[in-house]
């Protein structure tokens, strides 16, 4: 494709030097509004673990787990929460998000990033309302499935892992793309933190209905996302794809600054779109999978989200209260410990916002991976020392609780400035325009598939593997850090329309 080759060699006029553009207030406000999708994802990540640790919720919907946790004085701490039905409550959302990702890219391309986010927010709101009003187990599961479809369309993800990262990447000036895109991850951490705070407070409501408040409040950010999207413009990339050239140029002028010459960037966007049109009769996902030129971006689009889930981070985020209770914390103490990890997760994300466009993506990946490896092993060793294989422990020393929380906080902090935000940022940057929605859809599908697997299997794996489970995740952290060192290129300060040239400059991929 001649147009793609031209872009790879420097595009329109800047010859790889980038395009002029200011960080306008319109871009900042648009990014803030779009990142509300991340807040929804984060709130759900944090809320489910706290709700499933509340005795009234367990007693009403999962009586067998309630009997095991509250009434059975078994010494095996590893297996107290082991229930496939209980984990289905958490994991069904991600299974639905995985299924929706197969056609979300078509919806995104046809109707645009903005309308896709609006659709996702609406479906998510309905799911949250159904969860809050649930009186039967099926209502909980159907509500979670609707949340999953909302996540699959609106985002990572994340959720809103498809439309939101694409929207942020395409709206931002290339010099600020990293920090603005990571605002998505920052909003995820805010959602997690708020969910932990809500759970801590609602668990103390007399009458046993606090869990309804926790689940129902997910509808508030969903409503705000839908409201915000009425004030957002469509991205220039999406407008050009739909042949609205004049509107695309005027929009690009507005978001880059009225005094900025956007002609070179606009011409490169049009050239990339023309190259994309040559695929109009070809399934873009098939082209992505079969064409050799997209091989490197395909590998990263699949392996980065795969490794992100096998860091084990969602073990902490999904089941933090259950995990802390497993290692000896009381109910309210476990919820407070989840709040502490949520605070660490939030503040550590600012390291990535500051450093991703200053130090680069690879540096943060590697440093974060090394720190996560050390503290994942430390957690495994501590739990193994106190509980052994049997899972029996009586009176745990106070120092043990403090050290375990400290190690988990260090691990969470490292994830929050590395694999958390960069696991979404890098896949959203690296693909050519003509296959970008399909590539991002594949990223979401991979992420949601393994999020579902981890969410569904964790409690059973903990019961079966005991403390060796944390060594299992540590091994993946080691492998993925090596993967980054040898195979992940640096994308800092490269305009998104010129991203194709990173493969011709990379020591491995250029071969």
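Cβ atoms here come from the backbone N, Cα and C positions, even for glycine.
Looking just at the domain 'Major facilitator superfamily (MFS) profile' (30-492), the mean pLDDT is 81. As annotated by TrEMBL, domain 'Major facilitator superfamily (MFS) profile' applies to 30-492.
If you look up TrEMBL, you'll see 23-43 (among others) marked as transmembrane segment.
Annotation source TrEMBL lists transmembrane segment at 85-104 (among others).
Per TrEMBL, transmembrane segment is recorded for 116-139 (among others).
Look at TrEMBL and you will find 145-168 (among others) tagged as transmembrane segment.
As annotated by TrEMBL, transmembrane segment applies to 180-198 (among others).
Residues annotated as transmembrane segment in TrEMBL: 210-233 (among others). Residues 30, 33-34, 36-37, 39-40, 43-44, 47, 50-51, 54, 56-57, 114-115, 117-118, 120-122, 124-125, 127-129, 131-134, 143, 147, 150, 154, 160, 167, 191, 195, 198-199, 201-204, 251, 254-255 of the same chain sit 6 or more residues outside the transmembrane segment (210-233) yet have a Cβ under 8 Å from a Cβ within it.
TrEMBL lists 298-320 (among others) with the feature transmembrane segment. Long-range neighbours of the transmembrane segment (298-320) within the same chain, counting only residues 6 or more positions beyond its ends whose Cβ lies under 8 Å from a Cβ of the stretch, are 45-46, 48-50, 52, 81, 90, 156, 192, 196, 288-289, 334, 337-338, 341, 372, 376, 408, 411-412, 415, 419-420, 423, 426-427, 430-431, 439-440, 442-444, 446-447, 450-451, 453-455, 458-459, 470, 473, 476-477, 479-480, 483, 487-488.
Residues of the same chain lying 6 or more positions beyond the ends of the transmembrane segment (332-351) and with a Cβ under 8 Å from any Cβ of it are 46, 49-50, 53, 182, 185-186, 189-190, 192-193, 195-197, 199-200, 203-204, 316, 320-325, 364, 401, 405, 408-409, 412-417, 420-421. Sequence annotations record features per position, and here TrEMBL assigns transmembrane segment to 332-351 (among others).
Residues of the same chain lying 6 or more positions beyond the ends of the transmembrane segment (363-387) and with a Cβ under 8 Å from any Cβ of it are 77-78, 311-312, 327-328, 351-352, 355-356, 393, 396, 400, 403-404, 407-408, 410-411, 413-415, 417-419, 422, 466-471, 473-474, 477-478, 480-481, 484-485, 488. For 363-387 (among others), the entry in TrEMBL reads transmembrane segment.
What TrEMBL records for 399-426 (among others) is transmembrane segment. Packing against the transmembrane segment (399-426) from elsewhere in the chain are residues 156-158, 161, 165, 169, 178, 181-182, 184-186, 188-189, 300, 304-305, 307-308, 311, 313, 316, 324, 327-329, 333, 337, 340-341, 344-349, 351-353, 355-356, 361, 364-365, 367-369, 371-372, 374-376, 378-379, 382-383, 386, 447, 480, 488, 491: each is 6 or more residues past its ends and has a CB under 8 Å from a CB in it.
Same-chain neighbours of the transmembrane segment (465-488): 78, 299-300, 303-304, 307, 310-312, 315, 361-362, 365-366, 369-370, 372-373, 376-377, 379-380, 383-384, 387-389, 391, 419, 426, 508-509, counting only residues six or more beyond its ends whose CB sits under 8 Å from a CB of the stretch. Marked as transmembrane segment by TrEMBL: 465-488 (among others).
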